[in-house]
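Since the structure comes first, as structure tokens, the remarks are kept for the end.
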Amino acid sequence: MYKVVVIIALLGAVKGLDRICLGHHAVANGTIVKTLTNEQEEVTNATETVESTNLNKLCMKGRSYKDLGNCHPVGMLIGTPVCDPHLTGTWDTLIERENAIAHCYPGATINEEALRQKIMESGGISKMSTGFTYGSSITSAGTTKACMRNGGDSFYAELKWLVSKTKGQNFPQTTNTYRNTDTAEHLIIWGIHHPSSTQEKNDLYGTQSLSISVESSTYQNNFVPVVGARPQVNGQSGRIDFHWTLVQPGDNITFSDNGGLIAPSRVSKLTGRDLGIQSEALIDNSCESKCFWRGGSINTKLPFQNLSPRTVGQCPKYVNQRSLLLATGMRNVPEVVQGRGLFGAIAGFIENGWEGMVDGWYGFRHQNAQGTGQAADYKSTQAAIDQITGKLNRLIEKTNTEFESIESEFSETEHQIGNVINWTKDSITDIWTYNAELLVAMENQHTIDMADSEMLNLYERVRKQLRQNAEEDGKGCFEIYHTCDDSCMESIRNNTYDHSQYREEALLNRLNINPVKLSSGYKDIILWFSFGESCFVLLAVVMGLVFFCLKNGNMRCTICI
């Protein structure tokens with residue numbers, strides 16, 4: 001009976017130990033993210049990094065934009081009638097519409113895509129006269145019904161159609177030179193007329209063979225008009241092909257011809273560098289945006305988007321992914337409901353997380369004579385948040401650069417070049433998608449490792465405070481060997497705990513409690529001692545009975561040698 005009472009009393013002493021546990025925030029249903037080491041890591045919080053939402057409008061608030069409407073960018077240089085309002089000007093955003101008109105008289109512009117992109121990337125156009133003069137037998141006022149202006153026949157505003165003043169008269173040999181006296185390069189564009197018939201050619205330029213030469217220090221070419229009927233376009237069977245080049249500062253360009261030249265009247269100076277947009281989206285002057293694409297505007301602070309690989313402005317990088325989740329919380333270990341055993345339902349971070357701890361990432365739960373309690377640790381929480389705050393912004397800084405990729409429409413002669421460019425863009429997209437996945441996975445790994453590290457730092461801080469006044473249970477908790485009321489628990493949490501104040505009480509309780517703690521190591525020892533003691537007592541009883549019987553003559557022992 002004595003032994004039973006002692007064991008019950010000692011177990012009561014063990015049960016009476018005060019206890020403090022460290023834990024971290026957890027949620028019932030976390031978010032799955034990718035890390036370097038795990039394809040499906042559950043975290044408490046995550047944010048999307050890929051923008052999938054488009055504004056179906058061009059947000060132009062605060063921008064000095066020029067909407068070309070039906071005018072093609074090339075038409076701004078040659079003076080197509082529909083482009084009359086756009087021959088000069090400055091802008092920070094140039095908007096090109098589909099089905100815009102480049103030529104009124106049928107024809108084509110050689111290297112049109114390269115020319116178009118130069119215009120779309122510019123921030124303005126100014127014009128300077130070439131100063132060309134012509135003899136009295138030449139008229140520079142050729143017109144056509146294909147280029148109507150104000151209800152009458154007209155021509156390109158920036159070009160002169162040179163023809164013989166007298167029908168059928170041979171066009172005289174003519175030479176004109178333009179010198180660029182500016183400090184910037186000038187863009188000069190001219191045309192070659194290909195008559196639809198010999199009769200048309202003879203009426204305009206005479207019966208002689210036609211030849212045009214254009215020469216500068218960087219450009220030389222000779223052209224021969226090709227006579228022949230073509231399918232009618234805008235009522236015309238003839239064609240005008242346009243050519244262009246850049247005249248460097250201090251350089252001259254010379255035109256020599258005897259008919260068939262569409263001569264430049266003014267040269268263009270492209271200034272600045274700004275945005276060019278191809279889009280059919282409507283303009284909205286009430287919203288702002290820094291990124292545009294064919295479908296409208298992309299207004300986002302996210303580092304990636306999956307709307308289009310062809311965007312202009314300060315845009316997120318295009319990735320071929322629907323979603324890339326960036327971890328903004330710690331590893332999630334949902335709380336396991338504890339049965340109320342010897343130490344109640346309190347458990348530490350090594351077993352599981354704590355749900356319901358909404359005021360911090362890390363915290364404490366304690367149990368003492370006054371009951372149980374929970375409190376967040378703001379210092380470690382803030383340390384973790386400081387490292388995660390701005391993580392999305394840092395990701396944006398690593399990926400967002402002003403990037404312009406104007407969608408191209410290639411002619412037949414440029415088709416192979418177009419294929420190469422499109423293949424290159426697809427390859428870049430694949431590379432960026434891989435880079436984005438790797439970058440997000442690295443950031444997620446860092447976030448989780450950092451959060452785990454802060455948890456361990458907090459645990460180490462408490463362990464160093466308690467020293468020998470408590471014992472670790474291996475599950476994230478400390479069993480305290482002295483009475484620790486709520487004030488004492490608060491001192492442990494805020495790092496003001498005085499170890500020496502409780503040393504004597506803790507030492508005494510440790511000596512009283514440790515001998516009877518039935519941990520796995522001591523349990524076997526106690527069992528062996530108990531077995532040995534029982535055997536000894538049994539042997540003593542048997543021997544006593546033998547001696548008693550021998551003494552009374554009830555038993556005789558004969559020893560034979």
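Backbone N, Cα and C define each Cβ position, glycine as well.
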Could you pull the disulfide partner of Cys484 out of Cys477, Cys488, going by Swiss-Prot?
Cys488
For Cys287, which disulfide partner does Swiss-Prot record out of Cys59, Cys71, Cys535?
Cys59
According to the record in Swiss-Prot, which candidate from Cys71, Cys83, Cys147 pairs with Cys104 in a disulphide?
Cys147
From the candidates Asn29, Asn306, the one which Swiss-Prot records as N-linked glycosylation site:
Asn29
Under 8 Å by Cβ from Cys147 (disulfide bond), same chain, sequence gap 6 or more
Thr80, Pro81, Cys104, Tyr105, Asp153, Ser154, Phe155, Tyr156
Give me the CA-CA distance between Cys83 (disulfide bond) and Cys287 (disulfide bond), in Å, as a whole number.
28
Mean pLDDT, the topological domain 'Cytoplasmic' (546-561)?
63
Specify the secondary structure state of Asn29 (N-linked glycosylation site) as given by DSSP, simplified to three classes.
coil
Asn494 (N-linked glycosylation site) and Cys484 (disulfide bond), distance between Cα atoms, whole Å
14
Looking at the recorded positions listed here (Asn45, Cys71, Cys291, Cys488), whose Cα lies nearest to that of Asn252 (N-linked glycosylation site)?
Cys71
